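Working notes, structure below.
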Amino acid sequence: MKFLDQVKIYVKAGNGGHGSPSFRREKFIEYGGPDGGDGGKGGTIYLRSERNLNTLIDYRFQQHHKAGRGVNGSGQNRTGHSGEDLILKVPIGTQVFEEDNKTLIYDFKKEGEEFIVANGGKGGLGNTRFKSSTNRAPKKFTKGAPGEEYVIWLQLKTIADVGIVGLPNAGKSSLLASITNAMPKIANYKFTTLNPNLGVASYDDKEITLADIPGLVEGAHEGVGLGIQFLKHIERCKTLMHLIDITDEDLENTYKQVRNELGSYSKDLLEKKEIIVLNKTDLLEEEEVKEILKNFSKNKDSEVVTLSTLEKGSISRIKAKLLSYVS
């Protein structure tokens with residue numbers, strides 16, 4: 001799927017309808033008494049979190065959003081209809097920021113949350129409201145109030161069961177394509193993944209959401225490579241799957257490099273559950289794989305397993321393993 005994790009939009013709630021200056025039309029009675037109704041309230045704009053959304057891409061081309069205007073009041077004390085509300089749907093994990101893109105307004109963490117981002121304007125008052133003992137034929141009425149309008153930023157922090165991390169070209173996209181319905185771009189060079197890819201793996205009648213995070217390089221927490229804009233997507237994943245190319249000349253250094261970047265961004269990332277996966281075992285002999293696994297597993301707090309995305313049995317085993325981690 002196309003992915004967009006940050007977008008600026010303009011929202012304008014509906015203006016309130018104007019009050020009516022109407023008078024009853026009665027024979028031989030001047031003005032006939034006021035009967036002007038109030039204006040309707042302007043439509044309000046809501047943000048609502050939806051589980052079936054994974055990206056903000058819909059807002060890339062539609063950046064201006066307006067709710068309906070309240071209808072003007074009319075004679076016979078008729079109040080105008082309220083303007084139509086507007087509900088903007090966003091993925092779970094979306095954060096709402098003010099125009100400075102720094103001040104957090106709201107954070108969607110659960111399905112079905114609603115947040116009023118712009119209130120509709122109040123309807124104006126009809127002239128009936130101003131009738132008194134000293135003024136039985138008031139011509140006064142008020143106009144509807146303008147609806148609130150803002151420029152806001154929407155930022156998405158992916159909420160997935162499993163975040164796949166590793167150096168560029170570790171095989172993350174191939175793994176995601178093998179075990180889920182995702183179709184990430186795959187090639188044998190660094191930074192094939194330029195945006196987080198999302199997929200859902202089904203196993204034993206259960207589903208696991210996985211996020212393929214763009215490859216980390218040294219200095220990523222300072223913006224090197226694809227930078228910290230993607231590290232934020234790891235924060236809300238329940239489990240980290242650390243993918244390492246088993247043919248790498250220095251597995252230990254490769255592992256530490258990624259862990260250092262995670263820790264430099266946030267120490268909390270190092271506290272997450274982690275499973276280490278040595279990938280591309282099909283490139284080595286079976287005995288060599290066993291020896292590497294034995295040596296690399298020493299002094300590791302996390303479980304270490306092997307994987308070949310070309311073998312169906314290997315894919316099934318990793319699905320079952322991931323399910324046990326997130327259940």
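The backbone N, Cα and C atoms fix where each Cβ goes, and this holds for glycine too.
The annotation domain 'Obg' is assigned in Swiss-Prot to 1-159 on the grounds of sequence analysis.
Among the features that Swiss-Prot reports, domain 'OBG-type G' is placed at 160-327, with the record citing sequence analysis. The average pLDDT for the domain 'OBG-type G' (160-327) in the predicted structure is 81.
Following the DSSP three-state reduction, the secondary structure of ASN169 (GTP binding site) is coil. Counting every protein chain shown, the number of other Cβ atoms lying within 10 Å of the Cβ of ASN169 (GTP binding site) is 18. Taken from Swiss-Prot, the feature GTP binding site covers 166-173, 191-195, 212-215, 279-282, 308-310.
Annotation source Swiss-Prot lists Mg(2+) binding site at SER173, THR193, citing sequence analysis. Its Cβ taken as reference, SER173 (Mg(2+) binding site) is surrounded by 24 other Cβ atoms within 10 Å in the chains shown.
Residues within less than 8 Å, Cβ to Cβ, of LYS280 (GTP binding site) and separated from it by at least 6 positions along the same chain comprise GLY171, ASP245, ILE246, THR247, LEU307, SER308, THR309.
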